[in-house]
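Q: In case it's useful when we look at the structure, here is the feature table from TrEMBL:
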- 1-15: compositional bias 'Polar residues' (COMPBIAS)
- 16-43: compositional bias 'Basic and acidic residues' (COMPBIAS)
- 45-54: compositional bias 'Low complexity' (COMPBIAS)
- 64-73: compositional bias 'Pro residues' (COMPBIAS)
- 89-575: domain 'Major facilitator superfamily (MFS) profile' (DOMAIN)
- 1-76: region 'Disordered' (REGION)
- 578-598: region 'Disordered' (REGION)
- 86-112: transmembrane segment (TRANSMEM)
- 153-173: transmembrane segment (TRANSMEM)
- 179-204: transmembrane segment (TRANSMEM)
- 216-236: transmembrane segment (TRANSMEM)
- 242-262: transmembrane segment (TRANSMEM)
- 283-304: transmembrane segment (TRANSMEM)
- 310-331: transmembrane segment (TRANSMEM)
- 351-372: transmembrane segment (TRANSMEM)
- 378-400: transmembrane segment (TRANSMEM)
- 445-467: transmembrane segment (TRANSMEM)
- 479-502: transmembrane segment (TRANSMEM)
- 552-570: transmembrane segment (TRANSMEM)
Amino acid sequence: MSRSTTPASLASSHTAVDKYERSSGKDHRSMELDRQGKNERRRSSVLSLITSSSENVAAKQKGAPPPGPPGPGGPNNLYQPGTLKFWLTLVSNFLAMFLVALDRTIVATAIPQITDDFHSLGDIGWYGSAYMLTTAASQLVFGRLYKFYHMKWVFLSCVVIFEIGSAICGAAPSSAIFILGRAIAGVGSAGIFSGAMMIMIPMIPLPKRPMFQSMFGMIFGLASVMGPLVGGAFTTKATWRWCFYINLPIGAFTLFFMLFFWNPPARKVEPAPLSTHIKRLDPIGTVLFIPSIVCLLLALQWGGSTYAWSSWRIIVLFSVFGALLVAFATVQILTPETASIPVRIITQRSVFCATMFTFFIAGSMLMLVYYLPIWFQTVKLVAALNSGVYTLPLVLALVVSSIMNGIATQKIGYYMPSMLLSPSIMAIGEGLLSTLTRSAPQSHWISFQFLSGFGLGMGMQTGSLAVQTVLPMADVSMGVALIFFAQQLGGAVFTTVGQTILSNLLVAKLSLIKGIDVESIINNGATELVHLVPAEDIDQVISVYDFALTKIFLAAMGLAFAALISACGMEWKSIKKDQTGPPGAGGKPEVQNGVPVQGGREVDMYLYRSRDVEMGRGSRAGGLELGSVGRK
């Protein structure tokens, strides 16, 4: 359309046509037909004005409010799978995710050697929990940071924090410094967990995201399952310190390519006083929430092992957790504009169910990852490194099902089938694992693991995909952070629950065997059984370990059923149908020089006068919705 076509020229031409019709003496029918044609031409002119070239729009829209950000399914120019830049960014993102997931479990097989070097058997519980504590406690804070500040710099800062924590762990001269390093690395990992998913949202449109997200889930699951294997290899062949030094070169690779090749849409941060920036991070809620999670995890960590469940310390920890949680919930309700978990988000049906689904799936997964190698070490009497090798069926099944699930979800457009099938298959596999005995043939523990891993791979990332589908773009960062918080909390809580089951059953059953030092067996761990137990009693002790560990697999099956129940409450939403419209208005429609401004565009006044364009709340013309952000 030429630059000379203006609302004034259109009105002038319409007046001339009217005068000609009155003077020509046409009959009524002819005039009606001409008027219909004229209306069509008017409609075309209006739509042409709305969809005019970007140069003309830019020249007209001085002072217009900025367009809102496109939603998750909207058009973006970052999806360039044919470019090296796209894949370097994606691979760097996946590597960062791999490192933080690996760090959750790599320490499991290194702990015996670490305690020997530091002579710190009393600190053993802190080596794993310090990382999980800070990860879970700071997860929601990063959800707020990604919402309000530039994604690139928040993410890179988290990678730097994680690298600092890893370096401290690798060089730690004492147990206390090692625990400090684990806590610092946990803070960085919290931001990387949610940030890695946030990176993919502007890069990949929603209909194409399941395949990439399945790769994300596959890498997360692989790292979690391979952690004990890699940790055992480093500890046996080199030194446990390389479990943490390995993070440094890989993290540097991620930093370099993210810094120079990743350019996400800049988030404009308006100048504001420091107090405003602090309020955005929900300081009151954060101060209440972090100690509440710490109290919960400490109570679960210490209960039944360090202290009896009836101990006043455990009772106080649970009481403080409950009181702080109630106070946190109250703050979230009373301050919805700065809430870490806004009520409108957590009460959305699919978000709540996806959060619970992820919580139970993560707990079920970590119970397998932590205690399956212990079953091989104590019941099959294999070395720590070999116990990791024996869990490869779980890893391979997870890889296969993650890829298959990504392809299937992208094809059919629905994630609900995966959410229903995943816990169902997991429950079958874990139920079968609970039947294992010392004499179980190789075919049994391979096939049972494969079933469990196949189900796990299908459900690893469906909760996150569901949140991205049902929430508006402005809330996606907090929704994703909520899902990853549930994942971290589920893993931390139910790993501790598994330890409680193991300790309590071992104490109850081993105390029935005469001549056995129960405390010595539990404190020294699985690898020392042969040296601590008389030869005539070894079979009985192995049977007790088998009984206790298979009950953990039974508990994991119960969590899979809980995940299935949670999935049944989800809405059936299509990632294909829920598309985002054009960029929306940066504020309410304004009028400048008598011309309404909507969505950063001037709209011909004639649009509001014409009888042929149906106007309503959220005006539509030719399928284009004006002044609207999000899904139709």
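Glycine residues also receive a Cβ, built from the backbone N, Cα and C atoms like all the rest.
Mind running through what each feature is packed against?
A: Counting only same-chain residues 6+ beyond the ends of the transmembrane segment (179-204), those with a CB under 8 A from a CB of the stretch are 72, 76, 78-79, 86, 89-90, 93-94, 96-97, 99-100, 103-104, 107, 123, 126-127, 130-139, 141-143, 145-146, 151, 154-155, 157-170, 172, 212-213, 216, 244, 262, 264-265, 464, 468, 476-477, 480-481, 484, 487-488.
Remote same-chain residues near the transmembrane segment (216-236) are listed as 94, 97-99, 101-110, 113, 196-197, 200, 242-243, 246, 365-366, 369-370, 373, 383-385, 387-389, 391, 394-395, 398-399, 402-403, 453, 456-457, 460-461 (criterion: CB distance under 8 Å, separation of at least six residues from the stretch ends).
Residues 85, 88-89, 91-93, 95-96, 98-99, 103, 106-107, 110, 152, 155-156, 159-160, 162-163, 166-167, 169-170, 181, 199, 230-231, 234-235 of the same chain sit 6 or more residues outside the transmembrane segment (242-262) yet have a Cβ under 8 Å from a Cβ within it.
Tertiary neighbourhood of the transmembrane segment (378-400): same-chain residues 109, 218, 221-222, 225-226, 228-230, 232-233, 235-236, 368-369, 372, 436-438, 445-447, 449-454, 456-457, 460, 526-527, 529-530, 542, 545-546, 549, selected by CB-CB distance under 8 Å and a gap of 6+ residues from either end.
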Q: So if I exclude everything within five residues of the ends of the transmembrane segment (351-372), which remaining residues of that chain have a CB under 8 angstroms from its CBs? That is, six or more out.
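A: Distant contacts of the transmembrane segment (351-372): 105, 108, 221, 224-225, 227-228, 345, 391, 394, 419, 422-423, 426, 430, 433, 449, 452, 456, 459-460, 462-464, 466-467, 470-471, 479, 482-483, 486-491, 493-495, 497-498, 502, 549, 552-553, 555-557, 559-560, 562-563, 566-567, 569-570.
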Q: Same-chain Cβ contacts of the transmembrane segment (479-502) under 8 Å, 6 or more residues past its ends?
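A: Distant Cβ neighbours of the transmembrane segment (479-502) are 104, 128-129, 132-133, 135-136, 139-140, 142-144, 146, 190, 193-194, 197-198, 293, 296-297, 300-301, 303-305, 341, 345-346, 351, 354-356, 358-367, 370-371, 463-464, 467-468, 471, 548-549, 551-552, 555-556, 559.
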Q: Short question: which residues 6 or more past the ends of the transmembrane segment (283-304) have a Cβ under 8 Å from it?
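A: Distal contacts: 125, 129, 132-133, 136-138, 140-141, 311, 313-314, 317-318, 320-321, 324-325, 327-328, 331-332, 335, 338-340, 489, 492-493, 496-497, 500, 503-504.
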